[in-house]
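As annotated by TrEMBL, transmembrane segment applies to 23-49, 94-115, 121-146, 268-291, 311-336, 357-375.
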Amino acid sequence: MIIDTTEVQTINSFSTSGFFKEVYGLIWIIPILTLILEITIGVLVIVWLEREISAAIQQRIGPEYAGPLGILQAIADGTKLHLKEDLLPSRGDIRLFSVGPSIAVISVLLSYLVIPFGYRLVLADLGIGVFLWIAISSIAPIGLLMSGYGSNNKYSFSGGLRAAAQSISYEIPLTLCVLSISLRLEIGRNDQVVLPYDSDLDSSTVDIVEAQSKYGFWGWNLWRQPIGFLVFLISSLAECERLPFDLPEAEEELVAGYQTEYSGIKYALFYLASYLNLLVSSLFVTVLYLGGWNFSIPYIPIPELFRINQMAGIFGMTIDIFITLAKAYLFLFISITTRWTLPRMRIDQLLNLGWKFLLPISLGNLLLTTSSQLVSL
């Protein structure tokens, strides 16, 4: 029996390439698992900060027994909810009832794929990154509506309807603010007019951050788009269902809206989705308006000032992550203090604010941005 050596080499090459593909597939999982771990830790920090800041505002003692300074209280609450009995409504739609919380959590988790925590620290640098986040985040109200309908409870169904109406009302102004930034970035790059339906319109989160780094913090979109920043800030609070916009699960109604029939781990998933959405909104405020990982004095970049570029790359990435999270937690502090400062709005006031006030302002901001860029050409 004669064996051709070329055939053996071909077989070995195929087996080797298949092995490397499997190894590459396993390596690709590591950044995703690392990101999920960091997000989980970030949510625990948000819960602890909210309790401590709320206690300070109300002049009361916050959590202090579970771990030093009460830092383990969120873990204790999560463990308690995980061990509680998972009750199901006898006459409800069990499939919709069970799938609803999962859709709410997964849709928010997918948004973290396009968030840059530093230079080249992003899982997916897509040209439609920001609009992908808007498209994915619009799926979450479907899960809330499914949960309310599957509960076979009029209070739950009413809460699901209010959540969907609130999300639609504030999704449009938020999208117009993002479109203003994307349009300004593309016109400034190519010195030509790019229509919103043009396929070349770039909304990469990395490009948006790098476009703001030229003049230090004076180049932030916060100063270039102040109207859009305010509209985006208000719309983000409404999207996260934070006070004064927490109408879907208003506390004084003695029911929790679409969460009324939930218990155990499914009930915990709704709160996890809420804090995940709050964190992702804070990160997008940082990326779109606060310069992302860049924090520079005009013409004196901080990395060069402290010789970070000459140090190990890991230290530079750590600095980028720290700056990004510091800006994000500044927005979180604003949202937490707003919760204990402003009274809750009525549903008619909420819808009027979205449709009659923020929508015309965001449209005017888009027209003003386009006209100013055309004049500067």
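Residue numbers in this text run from 1 along the chain shown.
Including glycine, each Cβ sits where the backbone N, Cα and C put it.
TrEMBL: automatically predicted annotations, no manual curation.
Given the structure is predicted, the values throughout are model-derived calculations rather than measurements.
In this chain, the transmembrane segment (268-291) lies close to the transmembrane segment (94-115): three or more C-beta pairs between them fall below 8 angstroms, excluding pairs fewer than 6 positions apart. If you look at the transmembrane segment (311-336), the same-chain residues 6 or more away from its ends with a CB under 8 A from one of its CBs are 42, 46, 49-50, 53-54, 116-119, 121, 233, 237, 240, 242, 278-279, 281-283, 285-286, 290-295, 303.
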